[in-house]
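A quick write-up on the structure given underneath.
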Amino acid sequence: MASGFGYYGNRSRCFTFWQEFRKCYAMADRPEQCTLQMDDYFECLHHTKEKARAKAIKDQELKLNEEKKKQDELSRKLTDSANKSNVTRLGIIDNSVKQKEASN
């Protein structure tokens, strides 16, 4: 689409990047001087950096979801065990026995 015409007759989405790259390439002494403009143009065409960023974000989101599931499972197990032995964990029985012994 370097011609500048898009699908509907207007300028293509990357035409301005192409113009910048072409202008730099025409004026540069060495082609290496235009790597930034070339990178911008290729990113506009192929979206490689955008796709890599989206993949990294998705991977991080999946990792955080897995960690949250593990944390939720652990807290659920702790809650279940606390519910099963709540009376003894609170020390209600031991304290009442000690109070009776102390009063006698």
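Residue numbers in this text run from 1 along the chain shown.
Keep in mind that glycine also has a Cβ here, set from the backbone N, Cα and C atoms.
Look at TrEMBL and you will find 57-84 tagged as coiled coil.
Non-local neighbourhood of Cys44 (disulfide bond): Arg13, Cys14, Phe17, each in the same chain, at least six residues away, with C-beta under 8 Å from its C-beta. Residues or ranges marked as disulfide bond by TrEMBL: Cys14-Cys44 (among others).
Cys34 (disulfide bond) falls within a helical segment according to DSSP. Among the features that TrEMBL reports, disulfide bond is placed at Cys24-Cys34 (among others).
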Write out the long-range same-chain contacts of Cys24 (disulfide bond), meaning residues 6 or more apart in sequence whose Cβ is under 8 Å from its Cβ. Gln33, Cys34, Gln37
